[in-house]
Amino acid sequence: MSYNYPTRKLAVYLSDDGCSELTFYALHQASQFAKHWIPFCKRHNIEPRSPDAYFDKPTARPSGQDLLELCFYVKKLYEEMKSRIETMAEKGSVPPETRSQHKGFLQWSHHNNVTKRNHQSIVEIVIDGREEDAVDEDGDRLPTLVYVAREKRPQFHHNFKAGAMNALIRASTEMSNGAVILNLDCDMFSNDPDAIRDALCFFLDEQSGHRIAFVQHPQQYFNVTKNDLYGNSPLQTDKVELAGMGGYGAALYIGTGCFHRREALCGNKYSSKVDGQGSMNWKSNDKTANELEEASKVLVSCSYEEGTQWGKEIGLVYGCPVEDVVTGMKIQCNGWKSIYYRPQKEAAFLGVAPNTLEISLIQHKRWAEGLFQIFLSSYCPLVYGHKRLPLGAQLGYCTYLLWAATAFPTLCYLVLAPLCLLQGIPLFPQVSSPWFIPFAYVYGARTIYSLVEGLMCGYTVKGWWNLQRVVLLRRSSSYVFSFVDTVAKQLGLSKASGFAVTAKVVTEDVRRRYEEEVMEFGSSSTTFIIVATVAMVNLFGLVGGIGKWWWVDGGMSLMGLQFGLCSVVVGLNLPVYVALFFRRDDGCLPVDVMFKAVGLASLAACLMAI
């Protein structure tokens, strides 16, 4: 709401798929606080303009006694607002005396019987930017603020995030119809007050602006540790791979931090005969707030999309857990171009990174599964994008769509190499053979290139090493499940995809270990059993192989590459061994995981011997 942009052209829509009166209460409280926060930011050029992020900064102490007192006053207002919201959340409902503050609370009256999976359409204009009294404490007009909870009924599929986005597109079309749409996930905040103006520079470019469908910012986080413990912010991907895709005019749409041209998102094909500059107009609406709310409720109802092209040719595409990527590709195949924009000055948007290993692996399982589904669907870029996308862009998409397919080749190296080492079965040429050179060269060149590229992109050596570990863990666990689940769905052996929500609220102990860069396990999930078993197989292989071949003449030369491979894997899995055998905090691997991992690894070794 406090962007450096004319407020009469700015409308903010909050989609609440949980349909919670507590969320509506929090939004109403925020709308009141905005009357103080927005003028404070604009008068004194405050950054970032998320109050929580600003007041958490150690440098959030402006110079000058008057400004310092004002800062403390605004912070006090913010803390009071937070306290009221948290108190209301503890109560679990909004009391009658509070409900009188806004007519919107009537939507949660007892006779409506509202639950998060069964409720009517709710559209409430919290601030109508057209009204004379919609001003801040300086008398400047406030932007429009709207709460939207689309209708949900058990007998209708709600299509997860894609359905919510399409409902927002229709509601905003009725109310403001802004030519450009910014969509942000709820765990992100804007870090640059000029981000809108920067994006408009691309859309309004005289030479190529009319072809731009969306401007995608990288997904960056404010809580990444110094050495990025879980590889949440892969700098090489952000600075090299995605930037390369942008060079083809085929930047990936990643679901958040993206500015869209409305007409492209609504399924319109690009035409050189249409003047894209002429569509950058703001809708003038003479309807009253009540009329707009009632009209929008129809647009976000369950039955509205029946018999239409929404979710197919219009809006975000349905039927895939990663609706963002397939929607972006579809837009590009309609003739539009997209921009990947990574500002040099500062990140435009910051989010919350997963701070436990389990959450990170669950998130990647969902991503890899959805991406692999795209590859196996009619939207495969090699088929759907043929003659529509440059070949380089098609292959770039496949790099991500085939994440899940890397699982089994990786597992072969992780499991067969140590087991064959135990039994004396060489898988690679011996060190003295000329054929050793290409194998050693490929691995060495790839490793050196990756390390140098990582350091050039801003990684520390330890950060690069952490990324290698996390990639190994993802491929040997998350991607295995993604591959199996996707193939099972394709064969009709399991149900349609769901949407796994990744929780990011953790205890103080977990947060402390994360900040200290101590890996968090703490559960007996199947994922961790696989991770621990693979680690134990390689430990058995390395220790047993050394005991068996160290003293044999020519043994180390014969099995040299397998020793090297097992040594690297054991080195990457050091935190797993520590969590299995040495740690005693809540973040360690439970005893039952240790016994299962040792048992399964021993069984694999025995079966290999047979």
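Glycine is treated like the rest: Cβ placed from N, Cα and C.
Listed in TrEMBL:
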ACT_SITE  Asp17  active site
ACT_SITE  Asp324  active site
BINDING   Asp17  UDP-alpha-D-glucose binding site
BINDING   Lys161, Asp185  Mn(2+) binding site
TRANSMEM  400-422  transmembrane segment
TRANSMEM  528-551  transmembrane segment
TRANSMEM  563-581  transmembrane segment
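Taking the features listed in TrEMBL, we show where each one sits on the structure.
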{"residue": "Asp17", "record": "active site", "Cβ neighbours (10 Å)": "19"}
{"residue": "Lys161", "record": "Mn(2+) binding site", "Cβ neighbours (10 Å)": "21"}
{"residue": "Asp185", "record": "Mn(2+) binding site", "Cβ neighbours (10 Å)": "13"}
{"residue": "Asp324", "record": "active site", "Cβ neighbours (10 Å)": "23"}
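Long-range Cβ contacts of the transmembrane segment (528-551) within its own chain (Cβ-Cβ under 8 Å, at least 6 residues beyond either end) map to 358, 411, 414-415, 417-419, 421-422, 424, 473, 476-477, 480, 521, 558-559, 562-563, 566-567, 569-570, 573, 576-577, 580, 589, 593-594, 596-598, 600-602, 604-605. Within 10 Å of Asp17 (active site), counting C-alpha to C-alpha distances, fall the following of the recorded positions Lys161, Asp185, Asp324: Lys161. The two recorded residues, Asp324 (active site) and Asp185 (Mn(2+) binding site), show a Cα separation of 12 Å.
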